[in-house]
């Protein structure tokens, strides 16, 4: 009893100390310390302040009697209030009987309204508060519609049901609204069943919330900033009270706890924490392919994919399979032969027939198959792969239709007949009026394109390998490669003034007084004058080489031309100047078997085609500019676009390679439309057309548009496959050539004819 009174007195002192703004934590600590001292004093007889305890006990008894008198007075007041409420309820005969905790419906002012005079009966819902500790209905934050079927609305603090107040019908509510001027600010509280009148401050708060403004109208968000906390350290303590005496004395309760813990450790009941071995953590295994940005413990399987179900047994696995599933002797021998590769067998077992299900033995491969399935589930990760549903037609580029790319040659309009052997080469004059052809019958024929008439025939002693008309329209000159000689011939057709000017230029050889012919050139080539008979026939200059000449090509200005001797090794290529009657060997080393050469139409470049590569040389800088890699085994022909940035290469392995010099040294596109090797290729000078002739007796005309915009790639569209030549000794079309101004195509074949397609 003395201890209880002393603790009550201590609580009273704590309440008073709160008013004096003392530290609450120190007060509670002091209370715990006093309680510990009290419990220790009762057990120990060595406590020195025994007389003080007796005085405190006497004071505690007085305080306890005072507390009992106050509690008796409170009980009498509660009885009087209960009697008064009972009398008032009995006097009201018109209303139904209500539980003692229920009150009639009335409008209750908010807590912010002015204070009302005290009433004899304390209303349970006299004020409204949002704090859970102030609510009289203890049901909590639950939907109140759960009590719609019950007569009560909840429970009070004593656990008694709170009966629902009478609400009346709609007419009563309407009359109440008409008679009450405060109905517009009256709201219904579903938790208590009462009508609450909102104050002006509440209405203002609701307006601010609905208007997306600060709820408290008196709050100023733009107040000047006050720096309450600075970097200056305050040296003075917050409170100046001296430390308590018991703060210097060790706590006895903590000493007892420490003693119990020491005893538990000695008995083995409590074990100290074992420090973690950092070496084990350091050498822990980790996943090599794990993502660095994902933690192992956080990472989980997202969208797990179920394992595939095992294959269901079929008819062959029945204990009594149908006869067609039984193995024959041949099938059993084949099954035994595949013992080293069991995955190639039709079945992993031999179907057998049993008389009954009881006679079926245990499956000897059961453990093996389960083990393999476990390996598949463990080692084969399952993943979802997004398959693109793309039609094969969508992968093919959308090319324009051939009828939208006209004009281009489609039909054979004229056939030039007259040669008795293979027509290997053809060439036209700059105007496109005349055509010259060379054949194995040791003749050169000049044709008129419009009529197909043969104007002249030049007889030579040898096979004509190549002819090329000089592109300069100021002179009439044709270069023809016949065996070891290159003949410069005046064809004698066209303008007579041009013919006379050509003869005048080539009549006399220019003086070579200040020029010494190099020994390398002198051993390879000689410039010769024709005799009178040859001059009368049209021969003007004869260049004699030490090997057979296969190809001749003119420069765009008509003064320089090149000749190719494939068997000449490092002296295979020669460049000749007509005006000075000089020749030079541009290369000192052999880079391969040279097939043909061409001059760049605009720049001082020379294209040299060997068996596998095409080299581009800068004649001014005398250096190699580019090396085009065709990937072919044998190059047969070469053509340069009039713009100079695209090259067409024909090969004997049936491939037609288009090179874009600005893009790459590898083919931009390779066409394989011919059935046999390609003999010749050609570009049109004005139209976006190119053609190729092959030994399959066909010539293919294609559309090749080149754009000035470097960001756009050339457009290549095959247009027409032209046929007409006959095969002779496995040879078909030897040469193809476009008309300089019209979309016409000339082809020469092994059948001795020349065909014009328009």
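Placed from the backbone N, Cα and C atoms, the Cβ positions cover glycine too.
The following features are taken from TrEMBL:
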type	residues	note
COMPBIAS	10-21	compositional bias 'Basic and acidic residues'
COMPBIAS	35-95	compositional bias 'Acidic residues'
COMPBIAS	123-134	compositional bias 'Acidic residues'
DOMAIN	147-409	domain 'BOP1 N-terminal'
REGION	1-136	region 'Disordered'
REPEAT	416-457	repeat 'WD'
REPEAT	733-758	repeat 'WD'
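Beyond the repeat 'WD' (416-457), the same-chain residues lying 6 or more positions past its ends with a Cβ under 8 Å from any Cβ of the stretch are 463-469, 471-473, 476, 478, 480, 482, 489, 491-494, 538, 728, 731, 734-735, 737, 739-742, 746, 748-750, 752-756.
The repeat 'WD' (733-758) scores a mean pLDDT of 91 in the predicted structure. When DSSP labels each residue, the repeat 'WD' (416-457) comes out as 0 helix, 24 strand, 18 coil, counted as helix, strand and coil in that order.
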